[in-house]
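Following: one structure in structure tokens, then a few remarks.
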Amino acid sequence: MHFLSYPFQLQKEVEMLQGANNQTMLFHSTSGKYILIPELGVKILRMLDGKMTGQDVVHVLESEYPNHSSIQILVYRFFRDLQRSGVLNIEPEEEHGFDSVIHKVSHRPILKLPLVRTIEAVTVFITRMISFVPKPAARILLTGISMGAIFLFLWSGNIFGFFPNLAQVVWGFVVPVILIHLIFHELAHAVVSQYFGVRIREAGIGLLYYFIPIAYVDRTDTYRLQNKFHRMYISLAGPFFDLSAAGVWAAIALVLGETRWGETASLISFLGIMLMIGNLNLLLPTDGYHALEAATGEMVLRRRAFLYVFYRMMRRPLPSYLQNVRSPRSMIYMIYTMLSFLYMFLLFVVIGFVAYTLF
């Protein structure tokens, strides 16, 4: 393989670090990408000095693993994957056809429109205020807020019904309130990220899978956090805000009673709960999905599952980081992918039905 005759080396902009779940990663400071490295890959990277070729690496590993018959293929695919990621001292080859489409879609599921490059002026101030609260007191407070919000929502639903009278709703008030709610939802993620020392790269709006409108804060650098609970807290900060806000609006509805403004507050409370439930959906890359990833120690589960199934279906060689997938993990990947696509199909059907009904 002529490709392995190159003397490989990582680019100067690439940093090797121990990140989430104590896994070795590469971070490219120019592109901002994090790349998971398997155990054998770490050993290979430690050999690279700018003089050692890929074939030299093969010879070293073949002497260490004499019973392994496919060392050369593994090394070749590993370096090809690194080349594709743009972290080696050789330019990535231009991709065509199936590989190009899969690579682009799997790495960019969100079409983003950044609106703010930094919000540290806000998050630093809030985190300083939070830091004065003792952690035991903070846990009790957060638990109390959650339980209180659930109680108020159920109480309000018992009076107004869980879906209020839409004819009484002041829609000109609902729309801006929900937009402001989305901003504070993302701010909650940003504040907790800042609290654990993770910078937010940007904030904006986008289209998930190019058709689902969302707001977002880019918290990619949470991959640096080794503590899985910290990553879980960051992911669940948004849904916690949804629940808390729903409780506040439920309380307002109870105070205002069965009036137009009471019905409006009740609807906003209901929408807050719906946003929370939607954000806990495990079949899309939502807050709940990211919390599950953190809890289970599985990194980029969705992308790995999709790529594994696609490459298997197309009968193409798997990337190096999917080479060692065995049952039952392969079955989990297949089931997760099928459920995700079924969910997306049903979502299209519902959106189409609503659009047909309204227009």
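Positions of Cβ are set from backbone N, Cα and C atoms, glycine also.
Where the annotation comes from TrEMBL, it is an automatic prediction and has not been curated.
In TrEMBL this protein carries:
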- 177-295: domain 'Peptidase M50' (DOMAIN)
- 137-156: transmembrane segment (TRANSMEM)
- 162-184: transmembrane segment (TRANSMEM)
- 196-216: transmembrane segment (TRANSMEM)
- 236-257: transmembrane segment (TRANSMEM)
- 264-284: transmembrane segment (TRANSMEM)
- 332-356: transmembrane segment (TRANSMEM)
Tally of helix, strand and coil residues over the domain 'Peptidase M50' (177-295) according to DSSP? 82 helix, 12 strand, 25 coil
Long-range CB partners for the transmembrane segment (264-284) (under 8 A, at least six residues beyond its ends), listed in sequence order, are 153, 156-157, 160, 162-164, 166, 168-170, 173-174, 177-178, 181-182, 185, 208, 212, 238-239, 242-243, 245-247, 249-250, 252-253, 256, 292, 336, 339-340, 343
Listed stretch, out of 137-156, 162-184, 196-216, 332-356, that has the most CB pairs under 8 angstroms to the transmembrane segment (236-257): 137-156
Determine the mean pLDDT over the domain 'Peptidase M50' (177-295), rounding to the nearest whole number. 91
